[in-house]
Every structure is written in structure tokens, then in C-alpha cells.
Amino acid sequence: MKRLRTPSSSDSSDNESPSTSFSSNKYGSKPGTPASAQKKPAEVFRKDLISAMKLPDSHHISSEDYYLLADTWKQEWEKGVQVLASPDTIPQPSVRIITEKPKEVLFSKPRKYIQCWSQDSTETGYVNIKELAEAMCRYDLDDMDLYWLQQLNAELGMMGDGVVDELTMERVMEALERQCHENMNHAIETEEGLGIEYDEDVICDVCRSPDSEEGNDMVFCDKCNICVHQACYGIVKVPDGNWLCRTCVLGITPQCLLCPKTGGAMKATRAGTKWAHVSCALWIPEVSIACPERMEPITKVSHIPPSRWSLICSLCKLKTGACIQCSVKNCTIPFHVTCAFEHSLEMKTILDEGDEVKFKSYCLKHSKPKAGEPGLSPARHKPPTETDKLSLRAQKLQELEEEFYTYVHPEEVAHDLSLPLHLLDFIFQYWKMKRKSNFNKALLPPKEDEENLLLQPQEDSIHTRMRMFMHLRQDLERVRNLCYMVSRREKLKLSQSKAQEQIFNLHVKLVNQELSAGLPVSSSIENLLFHPPPRITLKLKMPKVQLGNGKSSSKSGNGPLCPDNSCNLYDTSEGGIGQGKPQLHLGRQRIEERINGILPASIYIRRDGGTPPLAVKQSGKPLALHAALHGQSSNGKTKNEAEKSRQIKSNGILDKPILQRDTSCLAASEKDPRSEISGKSQSSGFHKTSLEHFSRSLKEATVSLVRTEDLRTFEKNSRKSSGFSKPLSTERPQGGGRASQESDGYCPDAELSDSEPEAKGKCRQGGRTQNQRGDYVKSASRAKHSYGSRTSVQR
């Protein structure tokens with residue numbers, strides 16, 4: 001033995017375990033222990049045997065005399081060979097024979113779970129299930145049978161014969177039914193075979209030829225009754241018994257790949273998943289058959305061009321499969337091969353000199369038979385239809401069923417059951433009469449059908465379970481859709497609730513700010529919770545350019561941004577030159593207040609020259625902005641409440657006009673809304689443009705704009721005031737007072753009400769332009785007196 005490494009001796013390589021060249025303790029000895037008390041080793045390995053087999057690399061011998069160790073991954077051979085540590089103390093085995101214990105039976109076979117399928121029972125107490133099933137009678141007597149049996153026994157007693165028990169009659173009825181069923185099936189098969197095999201017009205389903213020769217006989221399928229030649233269908237050897245075609249062997253009825261017909265002599269493709277008629281494969285030029293001897297499989301279907309697949313048959317008018325065309329030159333009428341056979345078109349098979357077969361097909365126009373052409377009799381052009389064949393077959397079957405009793409031999413039944421012939425004849429006549437009364441139907445189902453019914457529930461259960469799983473999956477899909485819709489609806493509801501919560505928190509915050517500022521609460525929390533907040537439309541109009549006749553160029557309207565006279569929250573006259581507020585459009589809530597008879601808050605005049613506090617209904621306007629525009633505090637609230645009872649009388653008419661005692665501030669008198677309900681036409685002309693003060697923070701930003709716009713606004717308002725005050729006062733305003741430059745806001749044009757055209761029709765506007773604040777204040781005072789007088793006059 002030779003290794004691929006440096007030469008080593010046994011001393012250098014045997015250093016991992018004790019060697020046999022010296023006697024030593026494997027585990028060593030404790031200090032102080034005498035040498036005679038040393039323990040013997042438990043295991044002994046000899047490495048000298050391995051070392052003796054090693055050869056140094058310098059040893060020159062032939063390669064055939066040693067083995068080369070090339071695997072150095074796990075060197076187990078370095079450990080040596082284990083030998084006996086104490087060969088003198090080998091234990092000797094001692095053996096003795098003991099008596100065999102009896103076996104305990106731990107399992108007992110229950111008889112009801114054990115079935116014996118053999119013919120003869122092997123153990124006592126066991127029975128054969130098949131024998132029991134065969135011994136059981138399948139026919140059960142009904143009430144009519146029992147009554148007839150009693151009458152028969154009475155007659156037999158009078159005749160001196162023995163009585164017939166119920167079991168004997170049941171066995172006789174079963175034997176008659178079984179023999180009738182077997183003989184009728186054989187007769188039906190024989191009749192069908194005779195009707196096909198001995199038919200003179202029967203032809204091969206492939207070549208359409210009625211002739212046969214020795215070695216190429218015509219074979220009939222025992223299930224579908226097709227007739228083919230041996231060579232046409234590839235039958236190498238005709239079987240002795242029944243013969244079935246390929247489709248009947250598999251029990252399928254596939255559709256042809258090349259035509260729309262089903263049934264007939266068909267063969268499968270190479271994959272075995274698609275089928276085609278052998279005749280279609282022969283007549284279509286692109287398709288071929290791989291093995292001509294067996295005429296299968298059908299190949300090269302993919303070589304059919306798309307133009308052939310797109311042809312429409314001229315006979316069946318279908319675009320299914322591949323069509324062939326007429327062989328006449330310049331005639332391209334397409335038709336299926338099977339359709340041509342059904343319509344008896346001329347289909348020729350020509351054998352050339354080079355043993356090549358050519359197929360010639362002709363359309364309906366070119367396949368007219370010539371005079372004296374053999375093989376084309378009128379009967380061949382009008383073959384019996386499938387309906388005629390089925391009706392003839394049904395007629396034969398009906399004749400067989402009507403003569404069912406002729407297929408029963410009572411002598412054989414009496415011999416098999418060991419019964420007297422005259423006794424069995426009674427039962428036979430009764431059986432015939434009972435079956436006749438049942439429209440010649442069998443009294444027992446065939447035994448084969450019962451065996452199939454035993455397997456049918458299992459198949460039905462599989463289909464039922466598959467159908468159940470399909471419906472279950474559909475139901476689960478519906479549940480999934482419903483769950484998705486419910487979750488989506490709940491998410492939308494959650495988002496809506498969060499939005500309502502945010503709106504409520506904002507309203508609470510604004511109410512708290514209003515209460516802390518000392519302002520009256522404009523709306524209740526309940527209205528905010530149960531009613532949607534009104535739509536806020538903020539309309540800021542700049543003064544319009546006046547026309548030459550002194551009228552405004554803009555027209556009043558009823559749009560969403562144009563306030564209506566019946567929907568004004570409150571109406572005030574000008575509080576000063578260029579002072580005003582934006583209009584808030586809230587028609588729907590104002591109409592509801594008018595219908596419910598709620599009085600709008602009156603506008604009171606403060607004597608200290610400040611802006612009069614306004615009691616505002618729910619307008620949808622942010623209260624913080626409302627407070628900022630007013631710039632008011634809660635110190636003027638008590639004075640206004642004290643004067644409220646004096647302004648409004650029970651009949652809805654002001655007691656007296658409210659006069660202005662301080663010329664630095666003007667307040668407009670507001671007409672009672674109850675007077676508006678009683679007379680809308682009277683109140684429509686007395687609405688003035690509602691104006692409010694802006695906060696002081698807006699004064700400096702708008703002072704330059706107000707200087708130019710106050711003059712136009714003052715002229716318009718002065719003409720309105722002079723028009724109302726003409727019937728009662730002829731006093732002309734005089735110059736004096738402060739200039740209009742002290743205005744602290746701008747004034748929108750006065751045309752913010754739908755009632756202005758009506759007011760213009762009643763009152764003619766006039767007067768001179770007043771440029772000073774004092775004159776404007778006097779004019780406004782006269783206007784207020786005019787309102788009061790006009791109201792009283794019109795009432």
C-alpha cells in the first residue's frame with residue numbers, strides 16, 4: 001500500500017493511541033500506585049499491521065503490485081485494527097431450554113364486519129354475502145298478487161293439489177321476468193344486426209362503397225352500427241366476438257375537427273384529444289394519416305391553410321371545420337365531405353398508374369349523373385332519412401314488446417324450479433295478464449340496471465358535491481361583495497360623523513367666543529345639530545356708474561347673489577357718509593321666521609355716538625367675523641333692551657318714529673315684520689339698504705376709496721330721502737357740518753333690494769347734492785319721519 005505523501009514510519013504516524021509494541025495503561029496511572037496494581041486496557045488497537053502494509057515513496061515496485069490511496073479526507077485506516085484486549089478471559093455461553101408459553105388471544109374478530117368472498121365458507125358461522133344476495137328474491141308480492149294467490153289456493157284445494165306459498169310465487173315471477181328480459185335483448189340485437197347486415201344498400205362509412213372482397217370484409221360496430229371495410233378503418237384482424245369502433249370503446253361521441261358532424265368512423269389525432277372522420281382526413285389534401293395500415297393517427301391538421309378554414313359550406317351553410325372545393329376547373333364551390341356524402345354528390349376515387357390515389361369531388365351542379373352510368377340508381381339519390389330509420393326501428397321494438405310472452409318458455413322455468421307444469425302455467429297466465437295491463441312494461445328492473453344504480457349514487461354524490469362547492473363559492477363571493485359594501489358604507493358614515501363632530505366643535509368654540517365677548521347667542525346648539533347650516537353668500541357690490549337720468553345702470557334681480565326684499569335679515573338706513581356692511585343672503589330662514597310670526601330684532605340708537613348693537617338672527621355668518629365687523633362690546637346691551645318694548649306695538653306698527661339725538665350716528669327705523677305679512681305691497685317700498693360699520697382696522701385702508709365713492713352714495717341716498725319727505729316737509733338742507741372725509745368705511749350702492757323699483761314708482765327722487773355730513777344727517781331724519789307718516793297714511 002502506497003500513500004501520496006512523504007514517507008513516514010510507524011513510530012511517527014502511530015502517536016494518537018497506544019501501540020502494541022509496549023505495555024502501558026491507556027489512561028495512565030495515579031501517582032503512588034504500585035506497578036502491579038495497574039489496570040489492563042479496555043481496548044487494544046494494533047497499528048503495526050497497517051504500518052507493515054505501507055510502502056515508502058522511494059520503494060520502486062511495479063504499479064500492479066500495490067494500491068494507491070488517493071483519498072485523504074478521512075483517514076480511518078490510521079487508527080489501526082482493534083484486537084482482543086484479554087483473549088484469555090473470553091466468556092463461554094450457557095444455554096438452557098425453557099418451556100414454551102401458550103399464546104394469548106388478544107384480538108377477536110367480530111362476525112358482522114367480516115365478509116367471505118369465496119364460494120364455500122372456510123369457517124363455521126361465516127356466510128357468503130354474494131350467495132345471500134343471489135338467494136334473495138327481487139320480486140315482492142303486492143295486494144293484487146296476494147288476493148290472486150288466495151283465489152288460486154282455493155281452486156287448487158278444490159282440485160286436490162297442494163297450495164302455493166308466497167315465496168314460490170315470488171321466485172316464479174322473478175324467473176319469468178329474467179328469462180323474458182334476456183331473450184328480448186337477444187332478439188333486439190339479432191333484429192338490428194339482420195336489418196343492417198342483410199341490407200342491400202349498406203355501404204362503407206369511409207369509401208361509400210357497398211362491395212366487399214375476401215380479406216377486406218365489411219365490419220359492423222355492435223354499439224353504433226357503423227359499417228366499415230377492414231382496410232378503410234385499419235382493422236388488422238376481425239375479432240371473433242363483438243367489435244366496437246374507437247369512439248365506442250372509449251364511450252364518447254366527439255365532434256369532428258374537420259366538419260360539423262358527430263358519429264361515424266372516426267380516428268383521433270396524435271395527441272388523442274381531437275377526433276376527425278377518416279373520410280374527411282382522406283379527402284382534404286393537406287391532412288394525412290401516419291400509419292396507413294391501421295389508419296391512425298390523423299396528422300398535419302395544422303398544415304390546413306386559413307383560407308380553407310374560412311370557407312362556408314354551400315350545403316349546410318356553416319363555417320365550421322374545413323371544406324373541399326369542386327374539382328371542375330373554374331368552379332370553387334365549397335362543401336364539407338360528410339355533407340357531400342349526405343347529399344349524394346359525386347365523389348370519385350381514381351387509382352393512377354403509379355399506385356397513387358386521387359380524389360375527385362364535384363359540387364351539386366356538376367355531379368348530375370349521366371345517362372347509362374352504372375351504380376347511380378334513383379334509389380341511391382334518395383336514401384332513407386334518419387327519421388325514417390328511427391321510426392322503423394321504433395316500430396320493430398314495439399312489435400317485440402307486444403309479443404314479449406313468446407320469448408318465455410314455461411317448461412324451462414318449471415324444470416329449473418322443480419314445479420309442476422300445470423301449476424306454473426297458472427302463474428304464467430297471471431304474469432302475462434298483469435304485464436299486459438301495465439302496457440307491456442317489465443315488472444322488475446333489469447339486474448344490470450340495479451347494479452348500475454348502486455354505483456350511480458356515488459357518481460351523483462360527486463357531481464352533487466361539486467355543484468354544492470360551486471354554489472358555495474358563488475355565495476361566498478356574494479358575501480364578500482356585501483362585506484365590502486358594508487365596510488365602505490361604514491367608512492363613509494365614520495367620515496361623515498367626524499366631519500359633523502368637527503363642525504359641532506367649531507360652533508361650540510364660536511359660541512364660547514361670543515359669550516365671552518358679551519354678544520347675544522345667535523343660534524342654539526340644537527339647531528346646529530339637527531339642521532344643516534345655511535349657505536352663506538357674501539355679496540359685496542361696488543357703486544355702479546349712474547346713467548344720465550339719475551338711475552342706476554344695474555337692475556335688481558332674484559338670483560342667488562341678489563338679496564330679495566322679503567329675505568333681508570334686517571333693514572337699516574345709512575349711519576353716516578360712506579358707512580355700511582356687506583349683505584348676507586339668507587332667504588329661506590327669513591321666510592320661515594316670517595311664517596312662524598317671529599319678530600326680527602329691532603335696531604336701537606345709542607346716545608353715546610357709538611355703533612348701535614344689532615340683534616342678529618341665525619344667519620350662518622361666523623360670529624367672530626360678525627363681532628369684528630361690528631366692533632361692539634356688551635356694555636350697550638341693556639339700554640337697547642330697555643327701549644325694545646316702546647318701539648313695537650301689538651298691531652305690528654311702530655308707536656312713533658325713533659328720532660336721532662346725536663348727529664354723529666344714525667339708525668334706521670325697521671318696519672315690523674307682522675305688517676309685512678298683512679300688506680306686502682305697502683312694506684316693499686320702505687326697505688332701505690342695510691348698512692353696518694366696519695371695524696376700525698379697515699378705516700385707514702379704505703379712506704382713500706371712500707372719498708371718491710361717498711359723494712355718489714350720498715347723492716343717491718339724498719334723492720331717496722327728499723322723495724319721501726316732500727309731502728310732509730319742504731325744508732331744504734343747508735350747508736354745514738363736517739366734511740365727508742371723516743367717513744370710516746365705504747358704502748355699497750343702494751340697489752340691493754327687489755323693492756327699489758316699486759319704491760321709485762311711488763316716490764319721485766329729487767333734491768340737490770349735499771356735500772357735508774350735517775346736511776345728510778338732517779335729510780336722514782326727515783326720511784325717518786316720512787317713513788312713519790307714509791305708514792300711517794297707507795294703512
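Note: Cβ is positioned from N, Cα and C throughout, glycine not excepted.
Predicted, not measured: the structure shown is a model, and the values here were computed from it.
Annotated features in Swiss-Prot:
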- 1-41: region 'Disordered' (REGION)
- 1-25: compositional bias 'Low complexity' (COMPBIAS)
- 201-251: zinc finger (ZN_FING)
- 253-287: zinc finger (ZN_FING)
- 311-367: zinc finger (ZN_FING)
- 630-654: region 'Disordered' (REGION)
- 667-687: region 'Disordered' (REGION)
- 678-687: compositional bias 'Polar residues' (COMPBIAS)
- 714-795: region 'Disordered' (REGION)
- 720-732: compositional bias 'Polar residues' (COMPBIAS)
Residues in the zinc finger (253-287) grouped by DSSP into helix, strand and remaining coil: 6 helix, 10 strand, 19 coil
Confidence summary (mean pLDDT) of the zinc finger (253-287): 91
Number of helical, extended and coil residues in the zinc finger (311-367), per DSSP: 6 helix, 14 strand, 37 coil
Helix-strand-coil residue split for the zinc finger (201-251), DSSP-based: 9 helix, 8 strand, 34 coil
